[in-house]
Each structure stands twice: as C-alpha cells, then as structure tokens.
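Here the structure is laid out as structure tokens; the discussion comes afterwards.
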Amino acid sequence: MWSALFSHLREVHKRSGVKEEKLIMKSPPAAGEAGCHKPQATATNKMTVLQSPLGLRTILTSLVAFFIVVSSVSLLFDRGQDAQAQLAVEQHQHQEVLLKQKPASAAVGEQKSVVVDQSSLRSQEAQVQWTSELQDVATDSGDGGFDGEEDCNWSLGRWVYDNASRPLYSGLKCSFIFDEVACDKYGRNDTKYQHWRWQPHGCNLPRFNATKFLEKLRNKRLVFVGDSVNRNQWVSMVCMVEHFIPDGRKMRVYNGSLISFKAFEYNATIDFYWSPLLLESNSDNPIIHRVEYRIIRADRIEKHANVWKDADFIVFNSYLWWRKQRDGMMMKVMYGSFEDGDAKLDEVQMVDGYEIALKKLTEYLGANINKNKTRIFFAGSSPAHSWASNWGGDDNNKCLNETEPIQIEDYRSATTDYGMMDKAKEIFGTLEPKGIHVQILNITQLSEYRKDAHPTIFRRQYVPLTKEQIANPSIYADCTHWCLPGVPDVWNEFLYAYIMHK
C-alpha cells in the first residue's frame, strides 16, 4: 500500500514541474547572530523549489491523494471483515445441512465442526467457532436426541463428576454473566463445583446443543418471569448460547424491569422480567425493594402480563419471596385501589398469599394466553443451604467451603417447602380442561444435593464485599443463588429437553 502511495506522490510532484535536485543551505549564523537572522535556503541555478508558485498546490494535491488512498484501503478492509463473518455463517449453515444428511449409522460421538479463521475478525473475543456438538462430548445420548424415553423422570438421579464435558461454558469468558454469580471471577479457586453432571436413573438427558436451540428460537421469544433465582437461570441460558454467536450479532438491553438478550442472526430474544411475586406489588422495582416488607395487589397482574403474554415460551418462578424470613412474618394483600376509594389491606400467611398469586396468574392465563402459540413452564423451588447443621456442618459458616454434593440419597432439607410445589401443580392443573398445559420443571431434588455450588462470599453485589463482611459468612455468605457455570445449567437442560423433544 505504502509503495503505491509514494509512487503516486512522486508522479504528482513531477507533473507540477518541480525538479528533484538537492537543496543547498548556507551555513548557520555565528553564535552572536542567533535570533537576528533566519537561515536562508539557496539552490543551484537549476533549483526553483522554494520559489515555485505550484508548491502549495502540490502539497494540497498530495494530501488529498493520501486521504483518498487511506480511505479506500479502510473501506476495503471493513468489507473484507464483513465478508468473512458472512462466510462463517454460510459455512455453519452448510455444515448443519451435512450433519442432518449424516447416516443414522454414524459412530456415536463423531464430531464435525467448522472453525472460522480468527485472524480476520475484529477482536479476539469475536472468534466464531461453529461447532455443532462442542458441548455434547460426554453425555450418553449420541445425537442429542431424546432416546424415546418419554416416561423418564429426569428429576431422579445422581450427580456424576465429569471433567470432560463440564462445564458447558467458561464463566470467565461469558460476556453477559452477572457479578453476583461469577464465583471464579471473585476469588473462588475451587472450581470442582463446575464439573458435576446430572445423571437421571435409567435414562439420559438430551444433550444441550446451542445452535439447534437457537434455530428453534428463530423469530421467537423466550422470557423468564420471576425473582433473582429466575434471573440466575436466565443468565445461565444466555451464557450457554452466547459463545456461539459472534460479537456484533448479539446484544443485552436493559429496559427497567426487563433485560433482553438478542441474537440478531436468528432474530431470537431471551428475556428476563423482574416480577418476584407474579402479581403487581411494592417490590416491582428490581433495584429498590425490601424483602421483609411485601404487599401484593390481589387483583392486579395486567401491568406485568402485558410484557410477557405474547412470548412463545414463558418460564415462571416464584418461591424465594414467599418464604418466611422470621417467625410470625405475614404477607400483606391489597384489594381495590386508593384511586377508586375501595382499598382494603389484609394480612395472610405467606403460603396463602402464594395461593392467591397463583390463582390470579392461572385465571389470567386461561382467559388470555394463546394456547396454539405459547408454551408455559413453572420452575420448581430452588432450595437454599443456609443451615449447615442440616448436613452435619457448622451453621456459622453456612455453606462456605463446601466442595462436595450431599451424598445422602433423596436428601431433603427441613427448610425447603415441598408443599408449595404441590399447591402449584394443583392450581395449574385447573388449566388442563382448557387445553393449556403448564410444565413443571422439577428441579428441587437435584438442587438439594448441591450445598457446594453457591456463591457464598465469592461475589460482588453492587460493590465487592469488605474484609469484615468476608470474615462473617453467617451473615454475608450467599447460599441461595448459584455459581455459574453450575446447577442452573441443568435446569436449562431440562427446559431444552422439553422445548426440543417433548
């Protein structure tokens, strides 16, 4: 590029009539004359450079030519990058066709991938590695299929340490992870918790395939609706798919209580909507709320429903905010409105408030949901591990320093309310006669075992924990949410299996 530029400048210089002889300068003035006289240039009798009336025009012409060449090269470089990114997409699509045409007798575990030349992309993080089975290496279902085991209960099984196929992604490389669940980023050196795979008894979970899932979501919207544990699952899902989407073709957008992840390549959206009590409440602000002082509006859900009712897939959850934080804690329920002058405030048991919320949600779904379009899921209770004495530990440490799952089969914590899920199944069952099925994601039992998988003190909640807070795990260790990669990835494997195969 540079040799062509200099040749062009030389040609312009020649056309201007300026000759290329050497310039001869007089000796500089003596020391005593410094500052009194300017050095003057003299030339041979053939030299006319400094006196040429075309000198200014020559310089301007040269500068214009320089900028034209640089702009042209930059434009060609940008187009070349776009073309290579588009080529990556086309190669991936072609590879998917080839994989679909692969004979059924192909060997189990055979992998084919298309790796894009990374040197042509805008940044190292924009590397595109379209590998259709990258995350599926060590599971038992050879082609990511369902195995035909439609009666299999995935929720019954055991955790198997798997250093080959787990984790499904790197938390340090997921650009959309939240700091409150990024445990290895905030100092957790033990990463064993990332390598456990859930193995159901007598069957296998379909392998998660990010590109197939994104294809399923093409021109569709998946929305998670609920509390911070549901946001935990949403972040997990985004991390499970975002690695397979090049930079510039994905985006996270904040809009009040709604956070959207957009995959432009597929025109797919994966949303999280903050609605911890499902109904309208005084806790609807995702930042400003008080867990201990809660009021729900028993007859108001439309403000929330207008956000999620047209989605293709909806995953609700609501459990954490219905647990008692202390003895005697009640839920305040408001009927009517102050505007209409008929406001009435009651206090009910927490579980009764939960029933009020689910019945109102069910009533709305039955009257407004498009059963031919929208599939509905409800995530089971996510157990906390705040009382180490439940498994023989020290309550002062909560779940800090736990590195192994609980090995007691069918272990159930005394603090997990299984009756709430039974109530949810009963209430959602009233939609069946209307042709609306709410699929329960039975995640509770498998999560009960994982006392080792919480952020504890290895997190950031708006600001990093202080040394004093880190030294006081009985107050500041988070044993409710889940490190990522981790347990919520399995919840999403359940969701994937239902969406793709059932």
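The backbone N, Cα and C atoms fix where each Cβ goes, and this holds for glycine too.
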Swiss-Prot annotation, disulfide partner of Cys239 among Cys152, Cys174, Cys183: Cys174
The annotated motif 'DXXH motif' range in Swiss-Prot, which must be one of 50-53, 322-325, 390-393, 478-481: 478-481
Candidate cysteine (Cys36, Cys203) that Swiss-Prot pairs with Cys152 in a disulfide: Cys203
Member of Cys183, Cys399 annotated by Swiss-Prot as disulfide partner of Cys483: Cys183
Spatial neighbours, same chain, of Asn163 (N-linked glycosylation site) - Cβ under 8 Å, 6+ residues apart: His195
Cα-to-Cα gap, Cys483 (disulfide bond) vs Cys239 (disulfide bond), nearest whole Å: 12
Among Asn189, Ser228, Asn255, Asn401, Asn442 [recorded positions], residue with fewest other Cβ within 10 Å: Asn189
Length of the line joining the Cα atoms of Asn209 (N-linked glycosylation site) and Cys239 (disulfide bond), in Å: 13
Candidates Asn153, Asn267, Cys479, namely the recorded positions, that fall within 10 Å of Cys203 (disulfide bond) by Cα distance: Asn153
By Cα-Cα distance, the member of recorded positions Asn153, Cys239, Asn442 nearest Asn255 (N-linked glycosylation site): Cys239
Among Cys183, Ser228, Asn442, which are recorded as recorded positions, the nearest neighbour of Asn153 (N-linked glycosylation site) by Cα: Asn442
Other CB atoms within 10 A, centred on Asn209 (N-linked glycosylation site): 20
